[in-house]
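Participant: The structure follows.
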Amino acid sequence: MARAMDNAILETILQRVRPLIGQGKVADYIPALASVEGSKLGIAICTVDGQHYQAGDAHERFSIQSISKVLSLVVAMRHYPEEEIWQRVGKDPSGSPFNSLVQLEMEQGIPRNPFINAGALVVCDMLQGRLSAPRQRMLEVVRALCGVSDITYDATVARSEFEHSARNAAIAWLMKSFGNFHHDVPTVLQNYFHYCALKMSCMELARTFVFLANQGEAFHLDEPVVTPMQARQINALMATSGMYQNAGEFAWRVGLPAKSGVGGGIVAIVPHEMAIAVWSPELDPAGNSLAGIAALEQLTQTLGRSVY
């Protein structure tokens, strides 16, 4: 039986999953992420009609990292015909780590999907070709989607990622060798790392992504963000490829389209109802939030929600 939502449900869920804190590992590949306190835990919901619910550290901002890959795809969809995007990046899950080069080499420089690093870099390469100021444009889009004017990039995180960018640079140069990367590699990498370094809270993320629960429309915006078809396509990609190589396990446990980031955030969508954002910085071996997945599993079981 599906239950109605209230803050007490979210508080109870956080109490249930809090014992998991200490069992995961905060991302440490760059110092700026490694310094985050691992005990943080938050959850927020925004419904399609504008109701908000939250518990824990739901208002504390953190580095959204790969969650931004959904946002860059949204911007690309608004500036490119569908066929131009999907001839350069695929729609299939990779089954490989998010920063793998092996599969990319075997498949002639065409990334499996836009939510692995290679695919997101292709999307950023496309934005560089269509936008005069890609970083500023992304800020404008995110601020509009969220309705919050002071969202910005964490310059320390972006700089730290650029200083440790050898593997992502290798991915970009490999794609360039296959003719699937057209612009200056360092410039596109800087844009990509700034997108990953967006700082947002669970509440801001839930509000930002609620359009995906409502066929591309958000209750607080006059114009659709994307078309209903594009919203379905993005949700489908999130369901198959949004949780790195553990998308199948996540579908089994949670049953919602979702996108994670190594900052410990996860955004999940209940179509026609709500967007959910959780944050717990400690990660499982696949790079997904350990307590965050458990919280989403508890929530879908409690509310009786699943797309399957």
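Cβ from N, Cα, C; glycine included.
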Participant: Would you identify which residue of Tyr192, Tyr308 Swiss-Prot lists as part of the substrate site it also attributes to Ser66, Asn117, Glu161, Asn168, Tyr244, Val262?
Facilitator: Tyr192
Participant: Report the same-chain neighbours of Glu161 (substrate binding site): residues 6+ apart in sequence with Cβ closer than 8 Å to its Cβ, ordered by sequence.
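Facilitator: Non-local contacts for Glu161 (substrate binding site): Ile30, Ala32, Phe193, Cys196, Ala197.
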Participant: How far apart, in Å, are the two Cα atoms that lie farthest from each other among Ser66, Asn117, Glu161, Asn168, Tyr192, Tyr244, Val262, the residues recorded as binding substrate?
Facilitator: 19
Participant: I'd like to know which of these binding-site residues, Tyr192, Tyr244, is least surrounded, judged by other CB atoms within 10 A.
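Facilitator: Selected from the binding-site residues Tyr192, Tyr244 on minimum Cβ neighbours within 10 Å: Tyr244.
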